[in-house]
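Notes to accompany the following structure.
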Amino acid sequence: MLTKTMGNFFTEVKDTGLLQSEQLHQYILDTSVFPRESEHLKELRKATESHPMSFMGTSPLAGQLLSFMLKTVKPKKTIEVGVFTGYSLLATALSIPDDGKITAVDIDREAYNVGLALIKKAGVESKISFIVSDAMTLLDDLLADGRYQGSYDFAFVDADKTNYVNYHERLIELVKVGGIIAYDNTLWGGTVALPESEVPDFMKNNWVCVTKLNEILGSDARIDIAHLPVGDGITFCRRVY
């Protein structure tokens with residue numbers, strides 16, 4: 001009976017994943033994430049919590065995964081689309097090589113200023129070129145220039161979901177073969193598994209955009225992908241050709 005019960009339990013866990021409770025999520029944060037989070041990132045996370053749009057910030061669990069990936073890949077030229085207060089940007093700047101550079105674009109300079117003092121305090125401001133711009137305009141300008149095609153080692157996207165597919169078509173040309181693009185919020189609060197009729201109205205527009213992106217990434221022969229249930233979902237894409 002015990003064996004059968006355990007078998008049923010682990011079959012269900014294998015199918016659905018373990019993170020079915022807030023307690024387990026908090027355990028991971030308390031045991032493995034927060035003890036490893038740098039003091040500068042911790043301060044920025046706390047500062048972001050007082051922002052009225054704090055829910056837009058990168059989760060510390062996703063930030064840890066991002067840092068781990070960057071320290072492994074060691075990209076020297078990266079681009080970040082969507083910055084908000086800069087948690088993921090600071091995590092990137094702390095993780096790439098000393099001579100690494102980040103082009104960061106966001107329309108909201110005020111939100112970026114929340115984290116700027118901590119970016120300076122961490123001593124990594126020189127790695128960052130922050131551009132106040134509509135991201136589509138910047139990406140189109142980079143492609144039109146010609147010098148930037150296939151020049152980036154890594155891209156991170158956490159911006160307006162309505163343009164995720166458009167960003168993908170541009171970033172796939174801007175990252176080099178073997179380079180990586182990471183998209184945040186690709187599970188959209190878990191609603192991607194729901195039929196559209198069950199998605200709350202306030203989430204529906206972005207639900208359409210995120211599910212469309214997921215379908216495209218799942219069938220795009222130009223990339224290998226890993227879609228992970230970390231934070232609000234993060235998808236890593238490696239350009240194959």
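Yeah, the Cβs are placed from backbone N, Cα and C, and that goes for glycine too.
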In Swiss-Prot, S-adenosyl-L-methionine binding by Thr58, Glu80, Gly82, Val83, Ser88, Ala135, Asp160 extends, among Asp30, Asp99, Asp106, Asp108, to Asp106
Further divalent metal cation ligand in Swiss-Prot, beside Asp184, Asn185, within candidate set Asp153, Asp158: Asp158
Quick tally, other C-beta within 10 angstroms, Asp160, Asp184; top of the binding-site residues is Asp184
Check Asp106 (S-adenosyl-L-methionine binding site) against DSSP and tell me helix, strand or coil, would you? strand
Other same-chain residues whose Cβ falls within 8 Å of the Cβ centroid of Asp158, Asp184, Asn185, the recorded divalent metal cation site, in sequence order: Thr58, Ala62, Gly82, Val157, Ala159, Tyr183, Thr186, Gly231, Asp232, Ile234
C-alpha of Asp106 (S-adenosyl-L-methionine binding site) to C-alpha of Asp184 (divalent metal cation binding site): distance in Å? 15
